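Okay, structure first, notes after.
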Amino acid sequence: MNKKPDLLILNCKELLTIRGASSKPKIGHELDDVGIIHDGAIAICDERITDIGETKDLIEKYKDDTNFKIVDASGKVVSPGFVDCHTHVVFGGSREKEFVEKIKGTSYLEILKRGGGILSTVNETRKLSVDELIRKTKKHLDNMLTHGTTTVEIKSGYGLNLDNELKILKAIKILNETHPIDIVPTFLGAHVIPDEYRANPDQYVNLVIDMLSVVKEYVKYCDVFVIVGHFLLNKAEKYLWKQKIGLSLKMHINEFKNIGGADLAAELEIVSADHLDLITDEEIDKLVKSNVVGVLLPGVNFYLMNNNYAPLKRMLEKGLPIALATDFNPGTCPTENMQIMITIACLKMKMSPGQALNASTINGAHAIEMADDVGSLEVGKVADIIMFDIPNYNYIPYHFGVNNVEKVIKRGKLVVDYKKI
Ligand SMILES: [Zn+2]
């Protein structure tokens with residue numbers, strides 16, 4: 001017997017369950033299937049989904065029980081909340097000045113070389129207290145939630161010394177406890193060599209290794225920015241890290257140039273390899289073999305005005321599980337909005353809207369090992385739900401640059417409702 005629901009969502013015109021992939025990410029043609037139920041309904045008790053099916057069946061089942069709230073989703077599209085599995089949300093300052101330079105033709109790597117880019121954000125971040133960081137970050141999390149993101153991975157990496165990295169991780173911990181969004185924290189001390197270690201980068205590598213023993217209690221993952229102009233690590237150091245910390249790994253690789261990160265990612269069997277813009281067929285095969293999820297961040301290509309979009313077709317043919325995320329950060333993708341990522345993925349990488357939705361929900365959940373709990377609408381899962389005020393799901397990428405969300409339900413509670421505005 002199903003638990004008595006405390007909330008019923010009824011009459012969903014299109015209920016996109018994204019079901020059937022909690023134990024393994026979707027690959028190839030599996031990504032086309034959004035598990036649609038027409039005139040669908042969801043029953044929720046406490047924080048979890050207890051029943052799902054057609055509206056007439058759920059009404060029949062619960063007709064003798066009136067002790068629940070009803071949300072009427074007539075004419076609406078309903079999906080799982082977005083899982084944004086790659087972001088850098090906690091930072092000081094902003095970089096709109098670089099936006100103007102970029103339009104005039106200065107490249108990202110040139111800006112970085114003369115102390116702009118990440119290093120300028122590091123300076124601004126170091127100036128802020130934990131409370132100031134929390135206040136600033138809360139606004140970004142609010143933006144995420146109102147645009148349908150209910151789970152987010154956040155990396156540190158704008159502190160680049162123990163005190164400042166800890167400050168960021170403490171801010172993330174407090175926000176996770178106080179904000180409706182669920183946050184998965186990642187340590188990214190290996191982001192870029194800070195100014196004070198430019199003459200001696202090896203010393204900074206040692207410092208990052210030392211930091212790990214302190215920060216590991218705050219994080220689920222350790223990430224490394226293996227990208228030219230940032231953090232070049234040799235294998236020995238990588239192995240050392242793995243043995244020393246016992247944390248699962250993620251890597252930024254193959255973004256501006258292919259410097260061989262994919263081999264290392266496969267060898268270390270990391271959880272996700274992110275960016276993958278410039279990747280060879282052999283490297284894709286290796287990632288597939290090692291069960292690595294490929295996280296694609298097309299908002300960055302769009303924002304940096306390059307055409308190095310990840311080779312989606314080859315990835316799908318070879319069976320690489322792919323997820324979509326914003327990479328929200330102040331320099332290369334300043335938007336919290338997953339709906340725009342879906343539009344860019346469709347227009348620039350030729351993803352279908354269905355593929356993009358799977359990549360933004362269940363496969364994103366696999367990229368942070370939370371697919372048992374989130375990423376699809378199935379019995380037993382956390383009730384993280386978006387209700388879109390649109391006629392069908394193709395409309396999400398089609399009607400772009402605006403917020404198509406009407407309501408967001410997080411852990412069974414209505415947390416966003418534009419109907420009330
Ligand atoms: Zn990133």
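Here, residue 1 is simply the first one shown, and the rest follow in order.
Glycine too: its Cβ is placed from the backbone N, Cα and C atoms.
Record features (TrEMBL):
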type    : residues                              : note
BINDING : HIS86, HIS88, HIS252, ASP327          : Fe(3+) binding site
BINDING : HIS86, HIS88, HIS252, ASP327          : Zn(2+) binding site
BINDING : ARG95, TYR158, HIS191, GLU255, THR332 : 4-imidazolone-5-propanoate binding site
BINDING : TYR158, ASN329, GLY331                : N-formimidoyl-L-glutamate binding site
DOMAIN  : 77-415                                : domain 'Amidohydrolase-related'
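Features recorded in TrEMBL, as mapped to the structure shown.
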residue: HIS86; record: Fe(3+) binding site; DSSP (3 states): coil
residue: TYR158; record: 4-imidazolone-5-propanoate binding site; DSSP (3 states): coil
residue: HIS191; record: 4-imidazolone-5-propanoate binding site; DSSP (3 states): coil
residue: HIS252; record: Fe(3+) binding site; DSSP (3 states): strand
residue: ASP327; record: Fe(3+) binding site; DSSP (3 states): coil
residue: THR332; record: 4-imidazolone-5-propanoate binding site; DSSP (3 states): coil
For the binding-site residues TYR158, ASP327, THR332, which residues place their CB under 6 A from an atom of ligand 1?
ASP327
Looking at the binding-site residues TYR158, HIS191, GLU255, ASP327, THR332, which one has the fewest other Cβ atoms within 10 Å of its own Cβ?
THR332
Near TYR158 (4-imidazolone-5-propanoate binding site), which of the binding-site residues HIS86, HIS88, HIS252, ASP327, GLY331 can be found within 10 Å, Cα to Cα?
HIS88
What is the one among the binding-site residues HIS86, HIS88, ARG95, HIS252 whose Cβ has the most other Cβ atoms less than or equal to 10 Å away?
HIS86
From binding-site residues HIS86, HIS88, HIS191, the one whose Cα lies nearest ASN329 (N-formimidoyl-L-glutamate binding site):
HIS88
CA-CA, which of the binding-site residues HIS88, ASP327, GLY331 lies nearest HIS191 (4-imidazolone-5-propanoate binding site)?
HIS88
Distance in Å spanning the most remote Cα pair of TYR158, ASN329, GLY331, given for N-formimidoyl-L-glutamate:
12
Around the Fe(3+) site (HIS86, HIS88, HIS252, ASP327), what further same-chain residues have their C-beta within 8 angstroms of the site's C-beta centre?
THR87, LYS155, ASP274, HIS275, VAL295, LEU297, ALA325, PHE328, ASN329, CYS333
